[in-house]
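**Q** Here it is: the structure, laid out below.
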Amino acid sequence: MSAPEGHPQRSTISHRGRSSVPVANSNTDGKDVPEFEPFGLMPRGPPPLKEFLDIWDVNMLNQPNEINKRNHHTHLYATENLIVRRGQEFQIRITFDRPYKPTQDHFLVEFVIGSYPQVSKGTYIPLRVDEELSGSWRGRVVQTMDNMVTVGITPAPDCIVGRFRMYVAVITPYGIRRTQKDPSRDVYILFNPWSPADTVFLNDEAERDECILNESGIIFYGEASDISVRPWNYGQFEYGVLDACLQVMDRATMPLVNRGDAVKVARMASAMMNSKDDDGVLVGNWTGDYFYGVAPTSWTGSVEILLDYANSNQGVCYAQCWVYAGVFNTFLRCLGIPARVVSNFYSAHDNDGNLRTDIILDENGKVDKERTKDSIWNYHCWNECYMARTDLPQGFGGWQVVDATPQETSDGLYRCGPASVHAIKHGQVCYPFDAPFIFAEVNSDVVFYQRNKNGTLEPVRVNKSHVGRMVLTKDIGKESARDITSQYKFAEDTEEERTVLQKAEEFGCSRIQSTLPPADVEMKASVQDVMVGNDFQLSLEFRNQSDSHRTTNVYISGNVVYYTGVTSSEFILKTQNVTLKPFESKVVIVDVKSQEYLRKLVDQANLHFIITGRVDESGQIITAMHVVSLHTPKLSIKVSGTARVSEEMLVTVEFTNPFKFNLEDVSVRMEGPGLMLAKKKQYSLIPTNSTLTWTESFKPRRSGQAWLMASLDCQALRQVYGRLRK
């Protein structure tokens with residue numbers, strides 16, 4: 001097993017000799033702007049400024065029930081500061097020492113971000129409230145009343161996304177007099193999927209609400225014929241999460257000038273969500289040993305992870321694909337980029353970058369485990385984000401794949417995407433970024449090779465429909481799955497599919513060219529739903545499609561596997577002789593006892609059966625594969641008390657150990673967006689048939705429905721979840 005990735009030290013090189021000032025790459029850095037900035041040399045003593053405007057107060061109109069946050073759909077963010085979206089007007093109210101006279105009074109509203117602010121870089125915006133003189137940012141006087149002036153400000157639809165310092169400055173003949181630096185006047189500017197001028201504009205209200213405003217969700221796992229769900233608290237509006245997301249960009253030393261480009265932000269974040277090579281957010285671990293951190297199956301949301309990273313500046317332990325995808329989803333939604341988590345069932349990860357997943361058989365048709373290196377993940381989670389792709393030809397915008405799970409390097413870093421889903425479907429894998437890798441994840445063939453006595457490999461069986469069997473995401477406004485497979489690929493064996501594969505081959509995606517005759521004996525494997533710890537039956541259905549007798553000796557190999565398809569251990573190996581009359585169908589039942597697999601289980605309790613054999617009369621190879629995703633018991637969640645904002649309520653989590661063995665060192669977590677931050681409790685022992693009961697109090701922080709979710713996790717039992725809608 002490979003060790004979890006570490007935390008390499010990043011070296012820095014001076015800007016000297018390359019630029020006059022360092023590249024601004026931190027949202028938090030910034031020197032104070034002087035309160036008085038003279039236009040030239042000044043006589044001794046302060047200039048006479050009493051006859052000019054003086055600023056008494058600046059009201060940011062930043063309360064959740066006021067115009068700005070409501071109009072900008074930012075009222076859910078748990079921060080006192082004003083949060084707005086670019087390309088859309090917001091208002092501030094300035095109180096002067098006397099009534100404002102437009103013909104003789106001149107003032108600016110200045111926005112500054114980072115160090116060494118420059119107009120040309122978009123890091124310093126001096127905004128005149130005069131529409132004739134405005135640039136890409138626009139300002140106007142909305143209303144004047146006595147000494148108060150309400151100003152409307154519209155940020156450019158492509159401006160930098162981040163936290164800007166804001167000043168109000170009065171222009172006098174002697175210089176500029178401005179307000180003091182005040183963090184309470186800082187303005188967060190986000191991407192705006194409600195604005196047609198923004199590259200992340202999503203013109204579907206229901207989908208926009210789902211992919212921006214929904215702060216809880218479900219992530220699908222298991223195997224294609226037996227789907228399970230795990231709840232996830234994205235929590236993009238919780239206190240501190242927005243600052244943590246901006247800090248991720250700072251840690252990446254991403255230049256501020258690039259932070260208005262959604263493509264560059266998403267690509268940067270796909271690298272920074274993992275700590276493989278750049279001090280990122282999450283440390284991956286697939287070994288099963290989580291002593292120095294939290295088991296990936298124990299997490300129930302992103303908030304705890306992001307806040308831990310922001311406070312420690314170290315990668316949080318541990319993650320696997322759905323954790324990367326869940327935290328990445330929070331990052332994207334928090335900054336205003338529409339995003340969703342996607343699960344690809346039977347996701348190929350081959351070792352030589354082609355469109356084949358190779359399984360090697362010996363002379364008798366038995367799997368050669370030593371020479372079979374490729375793996376097929378039972379499922380793999382990634383993200384899609386919605387944006388225009390102005391860097392690509394027209395038609396390749398919309399949903400883009402981004403994947404933070406560190407699998408392969410891209411331009412020297414472990415990252416993937418954004419890659420156009422439309423380009424993947426149509427085989428246009430020449431367009432950036434990383435489209436060939438994603439294309440292979442959903443389109444690879446499973447090729448069975450027989451190893452001959454002379455060491456050569458001969459393809460004997462090809463399964464073209466196993467990989468990319470189903471691609472799912474959460475349905476819009478529902479707690480159910482939405483099948484989006486057709487957005488990634490055309491139906492099998494259609495003219496469109498053949499054209500796409502030919503196109504992909506032109507761009508370097510090779511695939512097996514051999515046309516193999518179909519076997520006249522078909523074999524299928526199936527299993528009914530199985531609970532962890534139960535005996536079950538593997539059903540093998542044989543069908544002779546010829547008019548002659550057929551005899552075959554099949555090898556039945558049952559393996560405990562990680563969800564990545566990597567084998568941990570073989571727990572069953574049987575042979576079965578089957579004789580079939582012409583056109584006969586026959587079902588063979590293989591009994592599997594719990595004691596054969598239970599003590600060998602690893603994370604996520606997956607069993608993988610590979611059945612292979614040779615037909616004696618024809619010499620043809622027959623194969624079947626089936627993954628059994630063992631089900632786990634559920635947590636019970638109950639809530640009591642009056643559901644009112646800021647009034648105390650109680651939540652109780654219950655779990656009964658149904659197994660014949662004790663559960664040791666058990667971790668239980670619960671949380672809910674807008675209800676309670678993550679809480680954790682440890683239990684040293686849950687004896688067989690005993691019940692765990694944990695009650696906690698919480699106070700809802702805002703009105704409306706929300707989800708409570710909980711997990712139970714220990715070495716012997718993973719993926720135990722529960723959720724309840726309040």
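The backbone N, Cα and C atoms fix where each Cβ goes, and this holds for glycine too.
According to TrEMBL, the protein has these features:
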type	residues	note
REGION	1-41	region 'Disordered'
DOMAIN	313-406	domain 'Transglutaminase-like'
ACT_SITE	C321	active site
ACT_SITE	H380	active site
ACT_SITE	D403	active site
BINDING	N443, D445, E492, E497	Ca(2+) binding site
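Help me picture where these features are in the structure shown.
**A** For C321 (active site), the Cβ neighbour count at a 10 Å cut-off comes to 28, with all displayed protein chains included.
The local packing around H380 (active site), expressed as other Cβ atoms within 10 Å of its Cβ over all shown chains, amounts to 27.
The number of other Cβ atoms within 10 Å of the Cβ belonging to D403 (active site), over all protein chains shown, comes to 31.
In this view, D445 (Ca(2+) binding site) is surrounded by 20 other Cβ atoms within 10 Å of its Cβ, with every protein chain counted.
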**Q** Quick one: pull the CA-CA distance for E497 (Ca(2+) binding site) versus D403 (active site), whole Å only.
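**A** With distance taken Cα to Cα, D403 (active site) is 24 Å from E497 (Ca(2+) binding site).
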**Q** What binding-site residues in the list N443, D445, E492 lie within 10 angstroms of D403 (active site), counting C-alpha atoms?
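**A** The binding-site residues close to D403 (active site) (Cα within 10 Å) - there are none.
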**Q** On a simple 10 Å Cβ count over all chains shown, which one of the binding-site residues E492, E497 is most densely packed?
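**A** Checking each of E492, E497, the winner is E497.
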**Q** Determine, to the nearest whole angstrom, how far the Cα atom of H380 (active site) is from the Cα atom of C321 (active site).
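**A** Roughly 6 Å, rounded to the nearest whole number.
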**Q** Per DSSP, what is the residue count of the domain 'Transglutaminase-like' (313-406) in each of helix, strand and coil?
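**A** Taking each residue of the domain 'Transglutaminase-like' (313-406) in turn, the totals are 15 helix, 41 strand, 38 coil.
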**Q** When the pLDDT values for the domain 'Transglutaminase-like' (313-406) are averaged, what is the result?
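**A** Mean pLDDT across the domain 'Transglutaminase-like' (313-406) comes out at 91.
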**Q** List the residues in the vicinity of the Ca(2+) site, defined as same-chain residues other than N443, D445, E492, E497 with C-beta within 8 angstroms of the site's C-beta centre.
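**A** Output for this site, in sequence order: K464, S465, V467, G468, K489, L501.
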